[in-house]
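In Swiss-Prot this protein carries:
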REGION    1-201  region 'Disordered'
MOD_RES   Ser2  phosphoserine
MOD_RES   Ser2  N-acetylserine
MOD_RES   Ser10  phosphoserine
MOD_RES   Ser59  phosphoserine
MOD_RES   Ser114  phosphoserine
CROSSLNK  Lys119  SUMO1 cross-link
MOD_RES   Lys174  N6-acetyllysine
MOD_RES   Lys282  N6-acetyllysine
SITE      Arg318  site 'Interaction with DNA'
SITE      Arg366  site 'Interaction with DNA'
SITE      Trp414  site 'Interaction with DNA'
DOMAIN    434-767  domain 'Topo IB-type catalytic'
SITE      Lys445  site 'Interaction with DNA'
REGION    490-495  region 'Interaction with DNA'
SITE      Thr503  site 'Interaction with DNA'
MOD_RES   Ser508  phosphoserine
SITE      Lys534  site 'Interaction with DNA'
SITE      Asn576  site 'Interaction with DNA'
SITE      His634  site 'Interaction with DNA'
SITE      Lys652  site 'Interaction with DNA'
Amino acid sequence: MSGDHLHNDSQIEADFRLNDSHKHKDKHKDREHRHKEHKKDKDKDREKSKHSNSEHKDSEKKHKEKEKTKHKDGSSEKHKDKHKDRDKERRKEEKIRAAGDAKIKKEKENGFSSPPRIKDEPEDDGYFAPPKEDIKPLKRLRDEDDADYKPKKIKTEDIKKEKKRKSEEEEDGKLKKPKNKDKDKKVAEPDNKKKKPKKEEEQKWKWWEEERYPEGIKWKFLEHKGPVFAPPYEPLPESVKFYYDGKVMKLSPKAEEVATFFAKMLDHEYTTKEIFRKNFFKDWRKEMTNDEKNTITNLSKCDFTQMSQYFKAQSEARKQMSKEEKLKIKEENEKLLKEYGFCVMDNHRERIANFKIEPPGLFRGRGNHPKMGMLKRRIMPEDIIINCSKDAKVPSPPPGHKWKEVRHDNKVTWLVSWTENIQGSIKYIMLNPSSRIKGEKDWQKYETARRLKKCVDKIRNQYREDWKSKEMKVRQRAVALYFIDKLALRAGNEKEEGETADTVGCCSLRVEHINLHPELDGQEYVVEFDFPGKDSIRYYNKVPVEKRVFKNLQLFMENKQPEDDLFDRLNTGILNKHLQDLMEGLTAKVFRTYNASITLQQQLKELTAPDENVPAKILSYNRANRAVAILCNHQRAPPKTFEKSMMNLQSKIDAKKDQLADARRDLKSAKADAKVMKDAKTKKVVESKKKAVQRLEEQLMKLEVQATDREENKQIALGTSKLNYLDPRITVAWCKKWGVPIEKIYNKTQREKFAWAIDMTDEDYEF
């Protein structure tokens, strides 16, 4: 018997095929060997195990009963088949139960009990139900673990084929279907990922398509988080010293903070100006202790060098930061913006323009401002007035502080306000230019300017008649209105002496600001203007005027000193009241807006050539814009890097010219080859070279246009008029008419600001 265990698989199988009588040989296999063979080939193991003499009593008994039934008649054979089928079904049910018990046990261990599995249906968790073949490992595990498991009977060839066929059908029917489902799921995933951001994107609020609020009402609901205050002062390191009269001096925290403001500007032109130094020293002494006041009596003896070097080093260190450090700062700023940079207005999330309170520092002002150098004090929560709706959550002040006041005024557009200490003016936190409130204000401004178009001829006729009036007051008003209309001058506000810089508008012109020339440069009746305009920008212009205007100016200047007012019977109040009488809503700014927009529209019609390419059309647009900027006196100092940038641009132009010359030589050579060869290949080469030449010519033209544009704009600020005085619908219509991408004219911020114009305007729009 033990010798039979040494037979290999092939010998056993050969003996089985040669003679069926070997079925009842007395050979036994130990349990481990039997299960190993069962694992390799299930069907073969079943056949062998049937003819084995089991060591278990149940197996021997069953084997004897089978031998008896072998010699019975046909009816006994049928009974045997029936018995085998029943036995097969019983084992199948036991194993399915075993597999089910294992699954239930596992699910209970995981803390849940799942519902019965439905055949061929996917699980709730997204996985497909395993087919019958997937249960095999559980069966094998069961066979190996159960020592009392009964040996399997021989399967006939038909039964084996039937099982194989069913197995293949199950594979085709059950496996393929879930695979397809899984495949579909995988294919759908990228679509879901693509759609997700779209859902998260906020839909642009088309407020211009909605009904407007009643007059005076700005909003119905307003909620925000309040302002972000400047960080507290961080004292200087001990190694950074302040010197007075050559000796080290330790400053108190308040005095040190103000000293750092001056140190940061040490290399700036401001710190050399006497008025700046005087105002700074006066305010600095207010922050000193008594001992410091007694010691520090002369600003010239103060040495801020180490402080200045420290801040320069800090600035340089920020420039040398790693990408990771810069990214961290960017993320912190974005987090701050997300929390404080938006408000909810009438169920829409609106961007806030300036949610950070300006830090303390030294006032600079524009031009030669009399208050430059004064200390801008730190704004505290106790200075702040909050504005929100009654049903909104009031923003919380910083711990240990409280707001000055909380208001619920829906007739104003500001969210936060406070009074600054230099001019005593009120500062505001407002919404971004792309918001509904700002957009509506812009739209209304340009519509008012369009209304002026209908009555401007009548107004012009009226002020021409008034030049002949018997009243000096009426004559002065008429000449001032002529200047506002023709030269786009600002009206000019009344100012308290010594409070602001000496800037001039139309009504505040003095005799010293104009010179009269009966003839100049071949033109008659020329008025030469020279005065400091807004932001102390010099306004210089020589303008030929009508004879009656010239005569009136001579009359206004009679018996006056240079510092006397030119229009001594006129002020802005009188002028504005007269403008309101002429047309509701009319101001000097409306005249500027009207003249700027009309000028742009006329210039675009004159300068745009239909056959020009896009870069040339953009140059035409910038030239039209430049005409408006000159009209409105929107000047600027040439950028510090202007010469360097022009040199770089010229280098690019020269390099492009060299490339173009090489490309043209290559084209000439290719054409010569094509004449000789006369084949398709050389023709293709010629076409390729032609395209290369055309491409380089276009690139060169773009660079040359860019150079021309920069040179012409070096002292002209195009942005001010584009943002504040030019009806954006003129630009949008022009872009649509001539196929110029709007991105070439408006940057992202400007496109957001003028979204209403971009959406509603077609190419036929007329201002």
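A Cβ is built for glycine as well, from the same backbone N, Cα and C atoms used for every other residue.
Note that the coordinates shown come from a computational prediction; the quantities given were computed from them, not determined experimentally.
Sequence features annotated in Swiss-Prot and their locations in the structure.
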residue : record                      : contacts (Cβ under 8 Å, 6+ apart)
Lys282  : N6-acetyllysine             : Met374
Arg318  : site 'Interaction with DNA' : none
Trp414  : site 'Interaction with DNA' : Asn387, Tyr428, Ile429, Met430
Lys445  : site 'Interaction with DNA' : Val590, Thr593
Thr503  : site 'Interaction with DNA' : Gly367, Pro532, Gly533, Lys534, Asp535, Ser536
Asn576  : site 'Interaction with DNA' : Ala491, Thr587, Ala588
Lys652  : site 'Interaction with DNA' : Leu703
In three-state terms from DSSP, label Trp414 (site 'Interaction with DNA') for me.
coil
Would you count the other CB atoms within 10 A of the CB of Ser508 (phosphoserine), including those on all shown protein chains?
22
Cβ atoms near Lys534 (site 'Interaction with DNA') (within 10 Å, other residues, all chains):
16
Per DSSP, three-state class assigned to Lys652 (site 'Interaction with DNA'):
helix
Calculate the distance in Å between the alpha carbons (Cα) of Arg366 (site 'Interaction with DNA') and Ser508 (phosphoserine), and round it to a whole number.
18
Please report the number of other Cβ atoms within 10 Å of the Cβ of Arg366 (site 'Interaction with DNA').
14
For Lys445 (site 'Interaction with DNA'), what is the secondary structure state per DSSP, taken as helix, strand or coil?
helix
